[in-house]
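What TrEMBL records for this protein:
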type: BINDING; residues: ARG53, GLY54, ALA55, ARG87, GLN198, ASN249, LYS250; note: substrate binding site
type: SITE; residues: CYS159; note: site 'Transition state stabilizer'
type: ACT_SITE; residues: ASP239; note: active site, proton donor
Amino acid sequence: MADHSLPVLRWADPPDGPMLVLLDQRRLPTAEVEVVCTDVPGLVAAIQSLAVRGAPLLGIAGAYGIALAAARGYDVGEAARSLTAARPTAVNLAYGVERAVAAHRAVGGDGPAAAAAALAEARALHREDAVASDRMAELGLELLGELLPGGGYRLLTHCNTGALVSGGHGTAFAVVRAAHRAGELRRLWVDETRPLLQGARLTAWEAAREEMSYAVLADAAAGSLFAAGEVDAVLIGADRISADGSVANKVGSYPLAVLARHHGVPFVVVAPVSTVDAEAADAGAIPIEQRPGHEVTDIGPGVPVAPVGAQAYNPAFDVTPAELVTAIVTERGVVAPVNGGNLTAVCSGSPGVGAGKGDGMMKA
Ligand SMILES: CSC[C@@H](O)[C@@H](O)C(=O)COP(=O)(O)O
């Protein structure tokens with residue numbers, strides 16, 4: 001049930017030249033259609049319009065974008081700049097681009113061998129993401145067992161973090177899926193995720209395909225759900241985590257963290273180490289993407305609900321401070337409590353170095 005009938009992202013090499021083929025996430029769940037990118041501007045447009053989206057998949061797409069530029073003879077440096085700038089918050093995009101550029105440069109930075117090296121690096125990143133996803137699912141499920149010993153979890157998630165954003169089964173949704181397969185998921189609460197409805201459109205679609213018990217709620221209904229005692233834990237992904245453990249994720253994540261703290265509910269972030277930006281010291285160093293106002297004032301393309309000329313506030317992401325995050329699950333281990341020292345220890349692969357030792361939550 002987990003596999004999509006169309007792959008989320010694939011490289012194709014027909015006689016008229018290589019291309020990147022994407023499952024068009026703007027059209028889900030109504031239609032499963034693909035969008036073909038034969039050049040970097042086309043891929044940048046697909047990224048900016050969210051045909052392809054979600055932090056880990058943006059990294060993979062960015063790496064393939066460099067491979068595409070190299071194979072088609074475009075300026076790789078220029079391609080790297082425009083891809084990286086396409087969406088500023090998800091640091092995975094820059095990470096994927098930089099990896100492919102480095103591979104391209106390592107074999108001379110020109111010609112078929114360099115193009116092949118960039119493609120091989122993109123493919124390696126694609127595979128690594130699947131492996132990371134599986135490991136995060138394992139560690140996240142163990143963590144849920146420790147945090148919620150009674151089992152039968154009622155989990156709340158925000159935005160979309162499943163196979164649509166990954167080379168594997170995703171980030172937070174991979175943990176939800178593992179809980180479901182272990183027979184421990186009682187209910188998945190799916191925030192609709194205004195304004196672009198990644199929860200209602202995409203996470204609900206993935207939950208249905210996995211035959212989970214799930215319900216979609218308006219983002220504003222989350223408070224009453226917590227108050228009713230219906231949420232055992234919140235699980236979300238991340239687009240960038242700064243060195244002090246501040247977590248940028250889809251706008252609406254921070255209010256959930258505040259609610260979770262008020263109601264004594266664990267707030268767990270699931271993200272690969274490629275989402276950690278050691279160069280961003282704290283929340284203030286995380287760039288927040290501002291998106292067009294019509295996404296808020298219109299309920300769909302060309303369907304306005306606000307008066308003509310209404311202004312809008314439309315940040316794509318918000319930042320949750322480390323002290324509101326119960327744990328960060330990475331493929332290298334679980335960071336808990338969340339602070340800069342523990343994050344560095346887990347990400348650098350030095351488990352146990354000040355990373356929650358003794359509290360039973362450090363798994364590396
Ligand atoms: C995929 S895991 C974390 C995030 O990338 C996800 O929660 C999210 O915020 C995606 O935002 P989007 O704007 O749809 O790309």
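For all residues, glycine too, the Cβ spot is worked out from N, Cα and C.
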Cβ-Cβ neighbours of CYS159 (site 'Transition state stabilizer') (radius 10 Å): 28
Secondary structure at LYS250 (substrate binding site), reduced by DSSP to three states: strand
By Cα-Cα distance, the member of recorded positions ARG53, ALA55, ARG87, CYS159, GLN198 nearest ASP239 (active site, proton donor): ALA55
Cβ within 8 Å of the mean position of the Cβ atoms of ARG53, GLY54, ALA55, ARG87, GLN198, ASN249, LYS250: remaining residues of the chain near substrate: LEU58, ALA90, CYS159, ASN160, VAL165, GLY237, ASP239, ALA316, PHE317
Spatial separation of CYS159 (site 'Transition state stabilizer') from ASN249 (substrate binding site) - C-alpha basis, Å: 9
Residues ARG53, GLY54, ALA55, ARG87, GLN198, ASN249, LYS250 [recorded substrate binders]: greatest CA to CA distance in Å: 16
Which of ARG53, GLY54, ASP239, ASN249, the listed recorded positions, has fewest other Cβ atoms within 10 Å: ARG53
Whole-number Å value for how far GLN198 (substrate binding site) lies from CYS159 (site 'Transition state stabilizer') (Cα to Cα): 5
Intrachain C-beta neighbours of ALA55 (substrate binding site), sequence separation six or more, cut-off 8 angstroms: ALA90, VAL91, ASN92, LEU93, VAL165, THR171, GLY237, ALA238, ASP239, ARG240, ALA271, THR275
Three-state secondary structure, ARG53 (substrate binding site) (per DSSP): coil
Cβ-Cβ distance under 8 Å to GLN198 (substrate binding site), same chain, at least six residues away: ARG53, CYS159, ASN160, LYS250
List of residues, in chain order, with Cβ under 8 A from that of ARG87 (substrate binding site) and at least 6 apart: ILE47, GLN48, LEU58, LEU93, GLU289
Cβ neighbours of LYS250 (substrate binding site) where a neighbour is any other Cβ within 10 Å: 25
